Amino acid sequence: MTPLGLVGGVVQPLLILAGSPLLLGVMRQIRARLEGRRGAGIGQPWRDLRKLMRKQRITPRGTTEVFRVAPVLLVATTLVVAVVAPFVTITSAVGPVADLFAVVALLALGTVAVALAGLDTGTAFGGMGASRETTILALVEPTLLVAIFALSVRVGSTNLPAIVSATLEDPGQVLSSASLLAAVALMIVIVAETGRLPVDNPATHLELTMVHEAMVLEYAGPDLALIELGSAMRLSVYLGLLANLFFPIGIATELSVLGILGGVVAFAVKVTVLGAALATTEVFLAKLRLFRVPELLAGSFLLALLAAGASYFLG
Amino acid sequence: MNLVALGLGAAAGAGVASALMGLLVPRPARAAAVGLGSAVTGAAGVLAGIAAMTGQTWSMAAPELLPIAGVFLEVDALGGLFLAVAGAVAAVAAIYGIGYSRHHADGRAPQAVLPLFVLTLLIVPIAASVGTFLVCWELMALTSLLLVLTEHRRRAQVGEAGRWYAIMTHLGFMAILIGLLVFTAQAADDTFPALRAAAATLSPAVAGLVFLMILVGFGSKAGVLPLHAWLPRAHPEAPSHVSALMSAAMVNAGVYGIVRVGFDLLGGGARWWWLVVLLLGALSAVYGILQAAMSTDVKRLLGYSTTENMGLVLVGVGASGLFASAGNTVLAALAMAAALLHVCNHAAFKTLLFLAAGSVLHATGSRDLDALGGLRRGMPATTAAFGLGALAASALPPGTAFVSEWLLLQSLIQGLPNAGIATSIVLPVAVAAVALTAGLAVATFVKAFGVGFLARPRSDAAANAAESPATMLAGMGLAGVACVALALVPGLALPLIGRVAGGIAGTQTAPATGALTIELAEVTGTLSPFLLTVALLAAAVLVVVALRVAAARPRRQEARLWDCGAGPMSARMEYTATSFAEPLQRVFDNVVQPVQDVDVTHYQESRYLVQAVEYRRQIPDRIERRFYEPVLLAVARWGRAGRRLATGSVHRYLGYGFYTLCALLIALVVMR
């Protein structure tokens, strides 16, 4: 546990907590402008959260602890990832948790908690959302793990700081075929995991095609605020991981005010650029039919597998 | 004082005594007496096993005890590990069995056989000659078969399950018998030291034959493809504590056999052996969890999940063999440690899951997930137990399986850079299989827990379920403690397991060290499940506190579910296990090939109006269909042909005997 890691462990979660609703706002604003609307401004997600926090907490009749714990767990898992992963500083606050497998599994734990909450309500919508979400999760997990495998073979470790510093020392190896294939696979998977188009439409409500929104239909008030915040944070965390695994430039490698500031700015810029790119692409995409989604995910799985193969054969 | 001898002596004494108690004690106290006795047997086994893993050894030779073969026992570290696991599962299951068997299973026979089954489970890993091993193996199969048949008077399916189990286990036994006899024929006698000495002189072809035969035999016991068919049949029909014993302890004997014969007796062997093991393991893992994801019978689901987990263990064993044959002993030890740790973890969470499923069966009389739900209100402890087990089984942190699968993936990652062509193709495929398994396991256990225990009850039995008796809860509690301990402090088991694995792979370096944080040898890899859990809890507390501070009105209020204003919803509107698995079933349509039937009945007046829709779906085990049905049909045809020979006439049978004897005598005369 180094001082640099400790600073990172404090700065990163604060940055992601404060910045992720703003990122969502930016993405919505970009979409709105591209679609010819004025948009609500980038502060709208924060205003929504503030509104939700003022409402009463509601427990639907017949639900158990699982329903009440799930939103907390969703935010908590994402917070832990925000603390340990190398986003702003290259060393981690809790080194033995900063493993790529552990991070991915933690994020999956959050999804599982919300899926269980969806089942717990005992409504048709809740079950439907949970069923779809776990199906997507079951297909996304393998791709993630195999892509991670492909990335870690060249470093010989799944330790996140180790992978990032190896890339920092030799940025050229990102252009190897294994890394590129893994990057494409990861991008598809991140789109699926965070429920963006073309897998799920985050703007939809009360549509039979929805996935994530169907699960959380029974949530209201502060619980819903936690779910919304958790989803926004997950998006930032995934984009941050993608950015720093392949393009870690600017990350703070030593403890200085300038270094940390640089790390913060670099991280914010990278994630915003990725988010903007995602939002721009979304404008041109329609949602896939649910049963076409597995084909997309199978494609990404194949890419990840090719990446794993290439990491040996092509170095 | 030798703890191993002490523990084994105590286990033998307590086991025999409780078998006698099962015969002699009258019904009201029988279950308690046998349960406590068997628990002591198991606990003594744990003591002996742990002592053996720390380095103590003990051996016994009694050539005069069994005719021809004699009895040879020897406890080493590898045997100690499996001894300890079997003992622990037995102790927990026996305590649980006190309450469980009071209703259906406290007859003389099942109660007297249970301690004997526990004893055979403890002796198999310490047998040190082919004769002793085979006798114990057969006793283990027979006692477990008797226990599976406990409830055969109450349900007709039990008999069928028993027949499948009996035939499969004996086919496996025959394969092991052939393999070990071919091996013994090349050695001075049938003790394991003699076999070890003879292994070097075996020709590669003979060694390969021996290995393939024992792989078939032990694989059938471990429930590995394509010999898994008995597992999803026998486990649902056996009493639940027996299911736990079989699924968490007995299947391990298959893994033990492969490791003992492959690594220890045959001394490693060729690379293709381990490629076969690895591929079989990967196939079993994916196929097992896919079937589990589709099934709606909770105990059948758990049975298929056993196939999956044994598959993962074999992936580790196969990888270890590959690395060992390439000369990388440290990596081989790491893969083996991952496999053995997964054996321990699987034993812990599968015991817990089967006991919790048994508790549900006990309270509701149903194993069908589509008829359960809403058990949280009536059975909070059982729900918590199953939830914990499901978390452990789905390889998510902070569960137990996460730790061992992490270790397994680490060893596969490290193995890739210094491998040959064949290995470098197989390892990514293995990783993909492990990854696919992990993803499907999550879906499977979300379904099992979410549909079976949460939501609203789907039947009256589930709505009126009441918590199980205290002994059953105690059994589940012990298994739960083991799960949590293994998940949070892998340092409890990992150093001992590392030593065992190092011994098998032939290295002094411990593959993984550390109490709370796992640190890998010669490899940059650390993981601390404990810190991870602490961080998660701290973050959760932080979120709750922040919510209290930030929320304007923190008090909760109950409200109706959103029902479109149409009045209260009925339980029939809920998603069931079948509907939950439907998207996955569609995705894997080509693999599982479900049989669906939709019957639409129209009103006579108009064919546009639907009167009733009937929907049936079955997911048959495809391997069973392709692989078993032709064989069964051929056997049946052969049987029918043979019927012509047996007309029921005594004269004819006497004639057969006479002619056979004459033919034999003539043959003997000619061949002399």
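Cβ atoms are placed via backbone N, Cα and C, with glycine included.
Residues 40-46, 49, 78-79, 82-89, 91-94, 229, 232-233, 235-237, 239-240, 252, 255, 260, 263-264, 267-268, 271-272, 275-276, 278-279 of the same chain sit 6 or more residues outside the transmembrane segment (A:6-27) yet have a Cβ under 8 Å from a Cβ within it. Annotation source TrEMBL lists transmembrane segment at A:6-27 (among others).
Per TrEMBL, the feature transmembrane segment maps to A:66-88 (among others). Beyond the ends of the transmembrane segment (A:66-88), by six or more residues, the same chain brings 8-9, 11-13, 15-17, 59-60, 94, 97-98, 103, 106-107, 109-111, 113-114, 116-117, 120-121, 160-161, 164, 218-219, 223-224, 226-227, 229-231, 233-234, 237, 240-241, 244, 248, 251-252, 260, 263-264, 267 to within a C-beta distance below 8 angstroms of the stretch.
The transmembrane segment annotation in TrEMBL covers A:100-122 (among others). For the transmembrane segment (A:100-122), the list of distant contacts is 60, 62-64, 66-67, 69-71, 73-74, 76-78, 80-81, 84-85, 129-130, 133-134, 137, 141, 144-145, 148, 151-152, 158-160, 163, 193, 214-218, 227, 230, 234, 237-238, 241: same-chain residues at least six beyond its ends, Cβ to Cβ under 8 Å.
Taking Cβ pairs closer than 8 Å, the transmembrane segment (A:134-153) reaches residues 100-101, 104, 108, 111-112, 115, 163, 178-179, 181-182, 185-186, 188-189, 192-193, 199, 211, 245, 293-294, 297-298, 300-301, 303-305, 307-308, 310-312 in its own chain, all 6 or more past its ends. What TrEMBL lists as transmembrane segment is A:134-153 (among others).
If you look up TrEMBL, you'll see A:173-192 (among others) marked as transmembrane segment.
Listed by sequence, the residues of this chain that lie at least six past the ends of the transmembrane segment (A:235-252) yet keep a Cβ under 8 A from its Cβ atoms are 4, 8, 16, 19-20, 23-24, 78, 81-82, 85-90, 103, 107, 151, 163-165, 167-168, 171, 174, 179, 183, 186-187, 190, 193-194, 196, 259-260, 262-263, 265-267, 269-271, 274-275, 278. The transmembrane segment annotation in TrEMBL covers A:235-252 (among others).
Taken from TrEMBL, the feature transmembrane segment covers A:258-284 (among others). Beyond its flanks by at least six residues, the transmembrane segment (A:258-284) meets 7-8, 11, 15, 19, 23, 26-28, 30-31, 34-35, 87-89, 191, 196-197, 235-236, 239-240, 242-244, 247, 249-252 of its own chain at Cβ-Cβ distances under 8 Å.
Annotation comment: TrEMBL describes A:296-314 (among others) as transmembrane segment.
Within its own chain, the transmembrane segment (A:296-314) has Cβ neighbours under 8 Å at 136, 139-140, 142-144, 146-147, 149-151, 153-154, 176-179, 181-182, 184-186, 188-189, 192, 198-199, 288, counting only residues six or more beyond its boundaries.
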